[in-house]
Amino acid sequence: MEFLAYMGDVFTPINFGLLLIGTIGGLILGATPGLSPTMAVALLIPFTFRLEPAQGLILLGAAYTSTVAGGAVSAILLKIPGAPANIATTLDGHTMAQKGQGARALQLSFLASAVGGVFGVLLLIFLTPVLAQWALAFGPSHLFWLAILGVTIIGSLDSSSVVKGLLSGCIGLWLATIGFDDIMGAQRFIFHDAVAGGINVIPALIGLFAIPQVITMFAKGRKRLDAEVIAVEKHPIGQAVGEVFRRKRALSIGTITGSIIGLIPGVGGQIAGLVAYDQTKKTSPEREKFGTGHSEGVIAAESANNAMVGPSLVPLLTLSIPGSPTAAVLLGGLLIHGIFPGSDLFDNYPDVAWTFINSMLIGQILMCIFGLYVAGLAARVAQVPNAVMAAVVLGLALFGSYSVQNSMGDVYVMMALGTGMYFLERFGFSAAPLVLGLILGPIAEANFIQGSMIANATSSMGEYFFSGTLNLVLIGIVVASIGYSLWMELRDKRYTTKDDAVLKEESLS
Amino acid sequence: MTELPRTQHIIASGLVAAVGIAVAYISYTQEPAEAFLFPRLISTVFVVLALWTFGKAVLGRTKVGNGLSRDAITNILPGLIVALIYIFWAAKALGFYTASTITFFILLSLYDPAPHGEARTWIKRALITAGFLAVMYGLFAQLLTVFTPKEILF
């Protein structure tokens, strides 16, 4: 119950103010189609440089949580999911809004999000310290395999093609080696002055997540957003509270499914929402009502996509393996403050770790309260033309990447990586494994070098890296994740990408 | 798969394979060898996967990635050119705020669906641009005190 000792830290004026800003801002950003939670968090990182580590993480954590929930607003009122995690919400949420039950759908969505989110954060609270202590037993070879595991598991599960996902991970690992070698001081792959000091993670993250979105908005041309915001009638909140808890099956399936999926690195929120929706529909006696504006559909989808937020941080905070692209960006936010996840975080910075986790718990409740009030405003923001949004994001990307170390080199790297990523994505490559490779590359290399030194002094490389229960388990997971993904790909059963998730949505509806 | 995406896939995967081969070549030829131990490891996997992808593209067996349609290229090009000029030249040469204001207005004019013939539309675009400049200045110059390159206009 160590977390309770730090609960008061969330309520200091600055921390609570940042939590409010992150929550309300995240709800509005989340409702905006094209602004994914990952991109929102990446663009926010430069604003956290001047903050204390805990304060910065509170802002990022609140934005992460509420962008996922905020995406439900545009899903319900505009039939445009704010983020892929909200695809399943459109199926019944928008139909409810069309029937004049928009307020009820929003209330159910935010209440279910809060219940799922609180459960997910509680899981994070109770699992993280145990796993962090367990991680103490890890030596260089284990940490090397863990870093490789982080890249391969996201490369194989989060991409539409296993080979291209792994290739993206390799590109990220290579990018991480650019600059001066830590041990010998040798220059590696320095083909331009801008990368002489290596590739800074924050501008790279901003470029990789924001610039492809900007170019995607350009690709739409001068198209007007024809979606109409459905007016919201008043609905008593008490009835919505009663309904959420009456729909126990949908709520529990959504919450448990989301939590389990969140724990698996590489599987995103859209899968949590769709799987929970699918399972609730299969087990419901009113399954014929799904797709016609049935509240169980909204409750299952929204409780699942928010329940996944907390558990997706468990691998990050304990083993440095981000469970989602957004968690990878949060890892970048931790590293800029010189904080490394794992037992170090809980032993040396317990105030930072627990204040951050507690703020996510309180953030779920604030999100529920403010979500209902800002829904109308958020839906209006969602109608901002693409041209404005693209120009704003481009401007923020320039200023944000420059402000990291007042370097134009960072800005050039940001734009080059972002533009390259857009074109790579058009050919089936994925940003998430590339980002993981870039972030986990230095960890993998440092432990590989350290491990090879130990191996040379004690045994052989093969024996050191390929023996021992933990090494074999980790190698087994790497092989299994690649094998499973290949098997699913060969059987055409994968629907883990955004495009595939949309297809799945169509088949469900 | 139609001919255009297939050609595009061959070009894209060919470029990735070329980068992979260059990385592997540098990793295996540069000294000191100890500094390139890890790059050698990853570049080997990189080359194998890149050649596999290239081979699939050449054989027309690529299953994922829709490539770029002519419409998409036409839509992207003006904005991308403006964005590249903004980032790689204007931001430093004209100053961040001046360049951002000009770029914002140009992008708005290029992609805003509102009709170009109405004076009201242009006034609206100018007002939105001014608002954007004010917010960026407030955030980065005042709140975060980021020192940006000298402005050409002020």
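Numbers run from 1 along the shown chain.
Glycine is treated like the rest: Cβ placed from N, Cα and C.
Just so you know, TrEMBL annotations are computer predictions that nobody has curated.
A quick note: this is a predicted structure, and the numbers were derived from the prediction, not measured.
Proximity of distant same-chain residues to the transmembrane segment (A:12-36), defined by a Cβ-Cβ separation under 8 Å and at least 6 residues beyond the stretch ends, is recorded for 44, 51, 54-55, 58-71, 73-74, 78, 80-84, 209, 213, 216-217, 355, 359, 362-363, 366-367, 370-371, 374-375, 377-379, 381-382, 384, 386, 389, 393. As annotated by TrEMBL, transmembrane segment applies to A:12-36 (among others).
The domain 'DUF112' annotation in TrEMBL covers A:18-436.
Look at TrEMBL and you will find A:56-78 (among others) tagged as transmembrane segment.
Feature annotation from TrEMBL assigns transmembrane segment to A:108-128 (among others).
Same-chain residues lying 6 or more positions outside the transmembrane segment (A:134-155) and placing a CB less than 8 Å from one of its CB atoms are 162, 165-169, 172-173, 265-266, 315, 318-322, 325, 342-343, 430, 432-433, 436-437, 440-441, 443-444, 447-448, 450-451, 454, 464-465, 468, 470-471, 474-475, 477-478, 481-482. Annotated transmembrane segment per TrEMBL: A:134-155 (among others), in sequence order.
Residues or ranges marked as transmembrane segment by TrEMBL: A:162-180 (among others).
Taken from TrEMBL, the feature transmembrane segment covers A:200-219 (among others).
Annotation comment: TrEMBL describes A:256-277 (among others) as transmembrane segment.
The transmembrane segment annotation in TrEMBL covers A:316-340 (among others).
Outside the transmembrane segment (A:352-375), and at least 6 residues removed from its termini, the chain residues within Cβ reach (under 8 Å) are 2-3, 5-7, 9-10, 15, 19-20, 22-24, 26-28, 31, 53-54, 57-58, 61-62, 65-66, 69-70, 73, 77, 106-107, 109-111, 113-114, 117-118, 121-122, 124-125, 128, 232, 237, 306, 309-310, 317, 339, 345-346. Here TrEMBL flags A:352-375 (among others) as transmembrane segment.
Positions annotated as transmembrane segment by TrEMBL: A:381-402 (among others).
According to TrEMBL, the transmembrane segment annotation covers A:423-444 (among others). Below 8 angstroms of C-beta separation, residues 143-144, 147-148, 150-151, 154-155, 158-161, 164-177, 199, 201, 204-205, 208-209, 212, 266, 320-322, 324-325, 328-329, 331-332, 335, 497 of the same chain, each at least six residues beyond the ends of the transmembrane segment (A:423-444), sit close to that stretch.
Residues or ranges marked as transmembrane segment by TrEMBL: A:464-487 (among others).
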Problem - Cβ-based contact of the transmembrane segment (A:464-487) with the transmembrane segment (A:56-78), 3 or more pairs under 8 Å - result: no
Exercise for the section: For the transmembrane segment (A:316-340) and the transmembrane segment (A:200-219), check the count of CB pairs under 8 Å (sequence separation 6 or more) and say whether it reaches 3 or more. Expected result: yes
Handout entry: Same-chain residue ranges lying at least 6 outside the transmembrane segment (A:381-402) that approach it to Cβ under 8 Å
Key = 28, 31-35, 39, 43, 45-47, 73-74, 77-78, 80, 82, 202-203, 206-207, 210-211, 213-214, 217-218, 220, 222-225, 227, 229, 408, 410-411, 413-415, 418
